[in-house]
Amino acid sequence: MTLNGWFQIALFCAVVVALAKPLGGYMTRVFAGERTVLSPVLAPVERGLYRAAGIDAAQEQHWLAYALSMLAFHGLGFLALYGLLRLQTALPLNPDGQGAVAPDLAFNTAVSFVTNTNWQSYGGETTLSYLAQMLGLTHQNFLSAATGIALAVALVRGFSRASARTVGSFWVDLTRTTLYVLLPLCVVYALFLVSQGVPQTLGAAVEATTLEGARQTLAVGPVASQVAIKMLGTNGGGFFNANAAHPFENPTALSNFVQMVSIFALGAAMTNVFGRMVGDERQGWAILAAMGVLFLAGTAVLYWAEGAGSPVLDALGLTGGNMEGKEVRFGILASALFAAVTTAASCGAVNAMHDSFTALGGMIPLINMELGEIIVGGVGAGLYGILVFVIVTIFVAGLMVGRTPEYLGKKIEGREVKMAMLAILCLPLMMLGFTALATVVAAGLAGPANAGPHGFSEILYAFTSAAANNGSAFGGLSANTTFYNTTLGLGMLFGRFFVIVPALAIAGSLAAKKTLPASAGTLPTHGGLFVGLLVGVILIVGGLTFFPALALGPIVEHLAGGLGQTYPAGG
Amino acid sequence: MSRPASSLFSAALVGPALLGAFAKLDPRVMIRNPVMFVVEVVAALTTVLFVRDVAAGADGLAFSGQIILWLWFTLIFANFAEALAEGRGKAQADSLRRTRTEMQAKRLTGPGRDVEIVPGTALKVGDVVLVEAGDLIPSDGEVIAGVASVNEAAITGESAPVIRESGGDRSAVTGGTQVLSDAIRVRITAAAGSTFVDRMIALVEGASRQKTPNEIALNILLAGLTLIFLFAVASIPSFASYAGGAIPVIVLVALFVTLIPTTIGALLSAIGIAGMDRLVRFNVLAMSGRAVEAAGDVDTLLLDKTGTITLGNRQATAFRPVRGVTEQDLADAAQLASLADETPEGRSIVVLAKDTYGIRARDMAGLNATFVPFTAQSRMSGVDLEGSSIRKGAVDAVIASLSGQPISGQPMATRGSNAALAYQPTAETETVAEIRAIAEEIAKAGGTPLAVSRDGRLLGVVYLKDIVKGGIRERFAELRRMGIRTVMITGDNPMTAAAIAAEAGVDDFLAQATPEDKLALIRKEQAQGKLVAMCGDGTNDAPALAQADVGVAMNTGTVAAREAGNMVDLDSDPTKLIEIVGIGKQLLMTRGALTTFSIANDVAKYFAIIPAMFLTLYPQLQALNVMGLASPRSAILSAIIFNALIIVALIPLALRGVTYRPVGAAALLRRNLAVYGLGGLLVPFLGIKAIDLAVSALHLV
């Protein structure tokens, strides 16, 4: 740990917060359907798209219609991507001649990209054609991210509208988010990445002769365009297997910093969009503050754990921090911060091997995901995720001011609580349920590379990452098997849609309610007290559930490590 | 029905409550409470397993046996809380039930006085009965003829008789009350079994208790939390088998039961019953729990001016003579005119004249004076003495009387002797203008002007003032801090209303209010999403009472008003609306505080049980035993004992309610969060440690 390290963390936070307001302002205008600086160029394209699809942009949807549109859209998207992966041998843009993807892997991969998870059971450069990468994956990277944002906007409309039947149009929200927010930002961002040395080519892999005279095949491809959206859209699926640790995906310290900022940028800006849409920006800052408290606490522990190293390494003469599994050009801070950021937001891009972190260092990414990806979270998904927790918090604590619970003038009643609990229930069921299954069946036990608590962490991490739609891999787990491809795929599906649909139901029910004017008797939700309360409820309701699992995984590994005991591979 | 504040755990209540606690173990009753039902299922299953193990002669059953025992204790404590809350209502119900004994009714068979004697239970809605002095009124009804004094002590606990008469706003009579004098004809409005008393009994007994919307929502939350913890616990056996061991079922059960929110689950219904009971003790009957919740949510209070904001009557505070008349003369005349006036206003004039000008009250008989009483036509009262006549009354009425219009009730002789004075329009015009100016000035200041004339000559105006109740201004400031807006409803003109509103410190007022105005105001507030509370008594209040979210009908009111409101105030005191809001808030706060406490408790329970549970798998986890509990078994047993005992410890709080202070929401939250949130986090650490010490000392495991 160095002062410089802490300074970098502070700088990172400052940049993210500074970007939230301008981005939030711009996005609010986009979602409200107002003119923006880009309208002269994009408005004709937008109108053309609506005309081609037969969409009446003025026609808003009931929450159920919104949900059905979203499900139908993703159902078709899933089928198209599955087909593309299975048939890539027969399709163009396959210069390296990649074979057809196996059915279970194709299922897993299609679900993974449709759900904004980007869990990768495969190595990108050795499995997929350029067409599959660009048309299949990059396209879903945009649309799954845009869907997350659209859903969050629909939920916020639930709070900002009164006595309304509709929550917006899924088609319009999806189109405008993609066209006005994601595409322009990605174009600029991809160009920046190219300037840092990221390749963007349709040419085949190149042969190179190394200094020792050995010949090496260097995979290239349309990398910059995919990296841009994988970060901005919190997708995380790398072009290369090594993801952001690969020098072609993440060449410089600057690109590393910008990539971390870009993971948080839109998610943090969504809190500002929320504040603006409900007519009180402070509400958005309060949500961001709660996210910030959780993020900084986790990051501090992670940085401390990695910086301190482990007694086992010390005994081997490797004093100082833990550098195992980290790129030397990034070092401890940039790797630890990246790990915290990518798991706090449901990005899942990695620039270091989380499997090689210290036990406690590896626990923080787990906790970040187990809380339900609400620390900034996936674009949009983080906002609707934390709003679900806000509803529970308001319901528990709101009564303590002597009124039935209300948030932003909306009464929180049985229906909202029911839907919020459904959404919250889904994650522990998927994460703990599938881990429980995998730790007893032979197919599951075949996966982890390590024995004992560390092997347990590997399994727990995989299902946690899948259900939270994060997609980062702890590593060490051989996940490309029928068992893991299927169970992880199901985890991703339920983890995404069993949260989205209840969130939309909440949006519909809130929009239909009257908005009560605030008074001195109303629970204030923009202050530090509320932020503290929200953090407490998230930790107790969302986090404590995982305490037994964490105790058997990273905690016991940490305690054992202190006694010099390790759980080596194959042991 | 007198309601002494019985102590929470008086022997008379605890005995039956303990019995009730066991009776409530019936699964058909338990299923209404999802959290406790789950505990019961788990307790029953582990008991079956235990019996099997005993039959098989297994070892080490003392530990499981104790855990199971405490599971049942948890259930019984929860049921005890509910039974105790219900028991307090039952005592009141019994005293009410006594009023419902066999009653005979005199049913009228025709328009005359022909009656047939029928049992009270045989009466149908619409029957007309005759009730004479000494009779009990057989059922709820409306007086359609006659006037009688009625003893309503059975309902209100107030022994002074009240007047019930046909027409007007005091026509409702309640079954079980006794007519003391005269006779009335009553049209029956409620069939046997659904009378006011029946409903009261059902309410205080909790028999007709339905879950309120907020309770239902809270139950969903608790059920959801229970499911989450079920997942957490159900996945442990797999994890343990991966680690190469097994966790005994009884330990998993212990973890599960301590994690699920049993504290609030156990006390939730007791809190609700106690809230209703607090209202009943306050002599207010809520027709539903929903109404009590709504009271806590009220944003706007409509308050009648008279009786709530001001004392019921006005008082003279100044004499304002016209030019050429001294204050002394005016005071003298006004006092003479008021000597026989027994109204509070009249008496206040006599007192003012005496206190300010030293004019002693004189004896009417000694003055040979004749009192001229107030009539609706003349709108004046006064006195005639020794050929002189003094009148006081509404300014317009007094001026009109001077311009020669015949005034009924005034002896002709007096009028004749002053005829010359009365017909001097030009001389009077200036004075009239002056009087009107003074009158307007008084009205603007919120007072009521009362003109005084002597022998047809205007002397001046008595300033009658509405006296705002002491302390009411502070009450309204309090309400404002709670975020509640107060609106004063009055029949006064806007000028007067504005002045009183300013003096009393209400936020707004509705002057010259008609029932339609009230209804419109309520609808307007509700359209903005606000909840409105009001009280009323007359039939014309009924639509507004029905429209309001909290409508408190006065017990003295009409049947229509009582049916329309969702609360009835037995004392007919409109000021109580403010306390009712406080009771509603207290109910919600208690619920929230105990929910927060219950959830915060889980942290310590995890730290007690998780290390104990996994110690055989990984001895290193001893490091998580932050409380330093003696052994895994004592840790688990201590956690489950704490979980059960905390329910008993919190029963008094659940029944009494969290103290409510009229401060803003932010301050309330800060305080309650510190006490129940932080307390909920820390108390179990201390509690479990203490119990662990006791468990080890007693060698229970």
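Every residue number used here counts from 1 along the chain in the order it is shown.
Backbone N, Cα and C atoms are what each Cβ position is placed from, and that goes for glycine too.
Because TrEMBL annotations are produced automatically, they should be read as predictions rather than curated entries.
Positions annotated as active site, 4-aspartylphosphate intermediate by TrEMBL: B:Asp304. A sphere of 10 angstroms centred on the C-beta of B:Asp304 (active site, 4-aspartylphosphate intermediate) encloses 22 other C-beta atoms. Secondary structure at B:Asp304 (active site, 4-aspartylphosphate intermediate), taken from DSSP and collapsed to helix, strand or coil, is strand.
If you look up TrEMBL, you'll see B:Asp341, B:Glu345, B:Phe374, B:Thr375, B:Ala376, B:Gln377, B:Ser378, B:Arg379, B:Met380, B:Ser381, B:Lys392 marked as ATP binding site. Taken residue by residue with DSSP, B:Ser378 (ATP binding site) is part of neither helix nor strand, so it is coil.
In the three-state DSSP scheme, B:Asp537 (Mg(2+) binding site) falls into the coil class. Proximity of B:Asp537 (Mg(2+) binding site) to non-local residues of its own chain (separation of 6 or more, Cβ distance below 8 Å) is seen for B:Asp169, B:Ala553, B:Met554, B:Thr556, B:Gly557, B:Thr558, B:Ala561, B:Ser572, given in sequence order. Annotation source TrEMBL lists Mg(2+) binding site at B:Asp537, B:Asp541.
Across the domain 'P-type ATPase A' (B:106-205), the prediction's mean pLDDT works out to 81. Per TrEMBL, domain 'P-type ATPase A' is recorded for B:106-205.
Counting residues 6+ beyond its ends, the transmembrane segment (B:67-85) has Cβ neighbours under 8 Å at 8-9, 13-14, 16-22, 24-25, 30, 33, 36, 39-40, 42-43, 46-47, 50, 206, 250, 253-254, 257, 262, 265-267, 269-271, 273-274, 277, 636-637, 640-641, 643-645, 647-648, 651, 654-655 in the same chain. Annotation comment: TrEMBL describes B:67-85 (among others) as transmembrane segment.
Among the features that TrEMBL reports, transmembrane segment is placed at B:216-240 (among others).
Marked as transmembrane segment by TrEMBL: B:246-271 (among others).
Per TrEMBL, the feature transmembrane segment maps to B:635-655 (among others).
The transmembrane segment annotation in TrEMBL covers B:675-698 (among others).
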>> By the count of other Cβ atoms within 10 Å, pick out the sparsest of the binding-site residues B:Asp341, B:Asp541.
In response: B:Asp341
> In sequence order, which same-chain residues at least six apart have a C-beta under 8 angstroms from B:Lys392 (ATP binding site)?
Replying inline: B:Ala334, B:Ala337, B:Ser338, B:Ile349, B:Met380, B:Ser381, B:Gly382, B:Val398, B:Leu450, B:Ala451, B:Val452, B:Ser453, B:Val462
> Taking Cα atoms as reference points, which of the binding-site residues B:Asp341, B:Phe374, B:Ser378, B:Asp541 is nearest to B:Asp304 (active site, 4-aspartylphosphate intermediate)?
Replying inline: B:Asp541
> Which number gives the other C-beta atoms within 10 angstroms of the C-beta of B:Met380 (ATP binding site), all protein chains shown included?
Replying inline: 25
> Sequence gap of 6 or more, Cβ distance under 8 Å, 3 or more pairs: do the transmembrane segment (B:635-655) and the transmembrane segment (B:216-240) meet that?
Replying inline: no
>> Quick check for the class: what is the C-alpha distance, in angstrom and rounded, between B:Ser378 (ATP binding site) and B:Asp541 (Mg(2+) binding site)?
In response: 29
>> Summarise the domain 'P-type ATPase A' (B:106-205) as counts of helix, strand and coil residues per DSSP.
In response: 17 helix, 40 strand, 43 coil
> Short question: which residues 6 or more past the ends of the transmembrane segment (B:216-240) have a Cβ under 8 Å from it?
Replying inline: 33-35, 38, 246-247, 252, 255-256, 259-261, 264-265, 268, 591, 595, 599, 613-614, 617
> Taking just the CA atoms, what is the gap between B:Asp341 (ATP binding site) and B:Asp541 (Mg(2+) binding site) in Å?
Replying inline: 31
>> Tell me the Cα distance separating B:Asp541 (Mg(2+) binding site) from B:Phe374 (ATP binding site), rounded to the nearest angstrom.
In response: 28
> What is the Cβ neighbour count of B:Phe374 (ATP binding site) at a 10 Å cut-off, with all protein chains included?
Replying inline: 16
> Across all chains shown, how many C-beta atoms besides its own are within 10 angstroms of the C-beta of B:Ser378 (ATP binding site)?
Replying inline: 21
